[in-house]
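Undergrad: Pasting the feature list from Swiss-Prot:
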type	residues	note
BINDING	G170, D171, R172, Q173, T174, G175, K176, T177	ATP binding site
SITE	S363	site 'Required for activity'
Amino acid sequence: MVSIRPDEISNIIRQQIEQYDQQVKVDNVGTVLQVGDGIARVYGLEQAMAGELLDFEDGTVGIALNLEEDNVGAVLMGDGRDLQEGSTVRSTGKIAQIPVGDALIGRVLDALARPIDGKGDINTSETRLIESPAPGIIERKSVYEPMQTGITAIDSMVPIGRGQRELIIGDRQTGKTAVAIDTILNQKSEDVICVYVAIGQKASTVAQVVEVLRERGALDYTVVVAANANDPATLQYLAPYTGAAIAEYFMYNGKHTLVIYDDLSKQAQAYRQMSLLLRRPPGREAYPGDVFYLHSRLLERAAKLSPELGEGSMTALPIVETQAGDVSAYIPTNVISITDGQIFLSSDLFNAGLRPAINAGISVSRVGSAAQIKAMKQVAGKLKLELAQFAELEAFAQFASDLDQATQNQLARGARLREILKQPQYSPLPVEEMVAVIYAGTNGYLDDVPTDKVTEFVQGMRDDLKANHAKYGELVRSEKKMGDEAEGILKTAIADFKKSFMAAV
């Protein structure tokens, strides 16, 4: 029989007491009252914060948006099919945040920065809140460096600077995404990190964009954030803020970034859907009252930082879709008033074969002219004036039959200037070539070239400049202006090329 020694028992009890670790964990737990349409009403989460992440028992994550007297209205970031009345909900005490860092470059992510490209997990230790306050006045510097898009019509007449917000607006199928993608492609040698945010688009469209970027080597400096049309409205609402947070990380590390939100109309629609289901009162066009703040707090995060903060920048190109060219609708007017200018794409111009279909008359850049390089300023002023006069005369010429010679000359030149602004998709131009083309157009070198041969002439002239007059490009790139030497080389080059071209026509 085993004898029990009292001292041994007391030792065991003492050891057990020493090892006992009492941890009291207080959980804020609630119960689902009602669930459906991506919305859950939860009872019992007294300590919930606005925007706090909630864990539902089936693994779905939600965000507390409505804090009411007796319940919390939460939006779900999943389908929530297994949720039912009585399911438990825990508050996490956290606000939505995402991983950030260099490891994200070249990846395709969802609205919570989780990879969806099948290339494995993202290894990064840093995180950033999805919603962050925008830089204050003292933390900013005015825009002064150019953000070249490589599109002649934009860089000459509607210039964009680093840190600017420039809206791209137009009807469906007018080439809005094409302008944005060309701008990304043009950053290849500029050391700019690009973030493309696709909101509410078909997965096939996003795949096409990713393929274009990959083929042309642009995915090496681009992050793609996609909330597809079949994703919950919550993710479509969050995607632009995720893109902004990723770009902000690089901006605060002294780098230059470009963010494209394609498009904010769909984000506003997703937010309207969430708000109406949460029973928030509808306003104009059934959008909630804070839809202006939805976009202003997003676009105000784009900035050019002061030297003390490293002079990084975040340039935003939001896209908004109009219905039948109506720029006076609610969302277009809101975003126009928030941004520093807009590029208006017209379906009439697009169908008439002018692509990119930029309507120079109502497109404007409020701060970009300060960032335009001197070489472009020297030639762009005349281009703008002549195109404006041409547009006026063209309307008048439809009714008048007998026009004097000066008017006919002006119409002929205007038609050729319009031709030089045509550009194929995915072929952005370096700034020195754009300057040369505009110089040739505004100084009368194209006046006797047949209109249908202008594109061919311009292409040949650019090739000739690259092959035989490389010094011109070097001078413009280094001096950032059209000096006497560069202008001399250009004049000779255009005259020589024109002679051989006209002989062959």
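Cβ from N, Cα, C; glycine included.
Help me understand the surroundings of these features in the structure.
TA: The DSSP secondary structure for D171 (ATP binding site) is coil.
According to DSSP, S363 (site 'Required for activity') is assigned to coil rather than to any helix or strand. For S363 (site 'Required for activity'), the Cβ neighbour count at a 10 Å cut-off comes to 21, with all displayed protein chains included.
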Undergrad: Judged by the number of other CB atoms within 10 angstroms, which among R172, K176 is the least packed of the binding-site residues?
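TA: Sparsest of the binding-site residues R172, K176 by Cβ contacts within 10 Å: R172.
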Undergrad: List the same-chain residues at least 6 positions away in sequence whose Cβ sits under 8 Å from the Cβ of T177 (ATP binding site), in sequence order, or say none.
TA: V209, D262, I319
Undergrad: What is the interatomic distance between the Cα atoms of R172 (ATP binding site) and S363 (site 'Required for activity'), given in whole Å?
TA: 17
Undergrad: Using an 8 Å cut-off from the Cβ centroid of G170, D171, R172, Q173, T174, G175, K176, T177, can you name the remaining same-chain residues around the ATP site, in sequence order?
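TA: Those within range, site residues removed, are E321, L345, S347, F350, A357.
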Undergrad: Identify which of the binding-site residues G170, G175 has its Cβ surrounded by the largest number of other Cβ atoms within 10 Å, counting every protein chain shown.
TA: G170
Undergrad: In this structure, which of the binding-site residues Q173, T174 has the fewest other Cβ atoms within 10 Å of its Cβ?
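TA: Lowest Cβ count within 10 Å among the binding-site residues (Q173, T174) is Q173.
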Undergrad: Using the alpha carbons only, what distance in Å do you get between T174 (ATP binding site) and S363 (site 'Required for activity') once rounded?
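TA: Cα of T174 (ATP binding site) to Cα of S363 (site 'Required for activity') measures 15 Å after rounding.
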